[in-house]
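Read the structure below first, then the notes.
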Amino acid sequence: MLGAVGEPSGEAASTPAADAGAGTGAEAPRDELGRLLSLLMFIAVVYRVAYHATYLGEVPFALGTFSDGAVYEQAALDILERPPLGTRPFYLQGAYAYLLTLGMAIRPWSSLGLIVQLLLGAGVLVLVHRRSKLLWGPRAATYGTLALLLHPGLSFYENKYLSAELGICANLLMFVAFTGVLIGLSREPERRLRRVLGASLALGAAAGLAVLARPNMILAVPFAVMAVVACLREEGTKARALGVGALLLGSSLALAPMAARNYAVTGYPDVQPVHGGGTSFFIGNNPKSKGVWNDGGLLSARLGTESSELAEALEISTELDERAQARAIGDALYARAFAWIAENPGDFARLEVHKLWLSVGNDQLSQDYDWLGERELIPWAHRVGVPFALLVALGLIGAGVVFRPGEGPRWRPEDEAPLHEAFASVAGRRGLAWLLAGLLLAPLAANLLFFTSSQHRLPLIVPAALVAGPGVAAVVALLRRWRGGESEAGGSPRAWLLVVAVLVAAQGAWPRTHRSEPSPVHYYNLAMVQDEIGDPREALKSFDRAIELRPEQPLFHMRRAHMRMRLEDLEGAQEDLNFVFDAAAEAEAKGHPLPDWIVQRALLDQASVDFAREHPEARRRIGR
């Protein structure tokens, strides 16, 4: 629906690859730069297809879930078993669980949900390219689309069991719908208001979907409202009120089904995850926090998904129902984080500055999935591309030429057809500025308030990439003039802006982390997935690697002990169990005991090992 709102009549269907070489229209000669862009577009598309096919076919993480992905899979299976509502509260984003069910309804394989996710992402990119072509012109639109396609972080998260890709799609759909508002304003008076209201309704629906995908995007909704108000500034008070009303109605219609579902299942009309963000807030603000993912001292390599263990560690009653327990966990973690902030205001201030520093670098900060770990599994993946800081720098240049006060478009070659009148207006540019500001500030605030990671930072590429196309086009035009080239532009980026952009791009190369190998948690997660898909011996190798990198982690030893016991290596299992018991005694002596659930599971495995030693004939049965 969003792609059809306000679509100009008579426009031929287009795709990024088809438009890559266009400069002056369908009959324009494909100059050398156009041919190069077409080749780059083709390579980018082929690479992504090859990467996703390899990932789905060969990487264990595509066949099994862990951490947040396991929570989403369980929620999707619950929906499929009791359609259409399911029976359990959503610990994480319910909208993403419903997205997975679209593929898993064929067969209950989580990988089928990933295929639907990839198809959604591809379709949205085509829509964005078509609208960017109208907004910036074919050449600048191609630059912007290439910036998205060549950013390694986007392709990395397109095939993961996380709501990041759904969030990116929703943010891009907000842009698509907003261009419908601008196109509607260019219609004849008798059709204008109806078109604008329809596009505003779609913008609200996209904003509601963005909130369901990433709760922090609620901060972008007021900016979307201001974008509509800015566009309708000259249309009168009634038109502005109707436009804002349509947007809010669209948001309400997008949120209402989730609220109704949760009310029917839990008795509470929630639209946000039931833990309320307490887990992420604690991860980002605790004595161990360095601005990135950490276990917060709770000794859980899957913090936030082992609800029963967290409840036990936080001394929360196990008699509470699932929603109440999750809410209590979130509240307890909020309380711990706020207490630390109150006691350490200076450390908190320094931590916030460090989070900002982390957020603007090129380093791929791991959370659930490890960037370097995937390189071990697919050695040729993510070797080249547009780094994050470079994309931000190009976005700065683009914003400078698009929103330059008092002037029209300054990035298009003179031989290109003039822009659609809707996009050349001051009101339209002002509205677009409001929308992009919301898409920028909402995820940035979340990175600073909670913790930063490649997943949390990814939405920042949307506003940057959407204006990066005009930025690249302006720089190309400037270079052509310097070389005495064949085409001139109507203006150039300001010198100070180019200097700032160069500095932003350069600082991104400064390393934020000094890791050159996958994290121990990557191997732990890999082991859990390998065990899930029926490859216990490979899982044991992954546990070995995790312990090699972090030998003092009792949780890793407890898990490996269980795996060794199943593989009938009782001596190895005993060795790991002894380590856990020694670590528990040492921690108890220091006044910081291990979470009881770790010790209890180790005791259960110890009983199984003792039984197997006393009854050798039972070993094989235990192994099963």
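Glycine residues also receive a Cβ, built from the backbone N, Cα and C atoms like all the rest.
No curator has checked TrEMBL annotations; they are predicted automatically.
The following features are taken from TrEMBL:
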type	residues	note
REGION	1-26	region 'Disordered'
COMPBIAS	9-26	compositional bias 'Low complexity'
TRANSMEM	109-128	transmembrane segment
TRANSMEM	140-157	transmembrane segment
TRANSMEM	163-184	transmembrane segment
TRANSMEM	196-212	transmembrane segment
TRANSMEM	218-234	transmembrane segment
TRANSMEM	241-260	transmembrane segment
TRANSMEM	384-403	transmembrane segment
TRANSMEM	432-452	transmembrane segment
TRANSMEM	458-479	transmembrane segment
REPEAT	520-553	repeat 'TPR'
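Sequence-remote contacts of a segment are chain residues at least 6 beyond its ends whose Cβ falls under 8 Å from one of its Cβ atoms, and for the transmembrane segment (384-403) they are 144, 146-147, 150-153, 360-362, 409-411, 429, 432-433, 436, 457, 460-461, 463-472, 474-475, 491, 493-494, 497-498, 500-502, 504-509. Counting Cβ pairs under 8 Å to the transmembrane segment (163-184), the top-ranked stretch among 218-234, 432-452, 458-479 is 458-479. DSSP labels the residues of the repeat 'TPR' (520-553) in these numbers: 27 helix, 0 strand, 7 coil. At the 8 Å Cβ threshold, with sequence separation of at least 6, the transmembrane segment (241-260) comes into contact with the transmembrane segment (196-212) through 3 or more pairs.
Residues 2-3, 15-16, 52, 56, 62-65, 69, 73, 76, 99-103, 145, 148-149, 158-159, 161, 165-166, 168-169, 172-173, 175-176, 466 of the same chain lie 6 or more positions beyond the ends of the transmembrane segment (109-128) yet place their CB under 8 Å from a CB of it.
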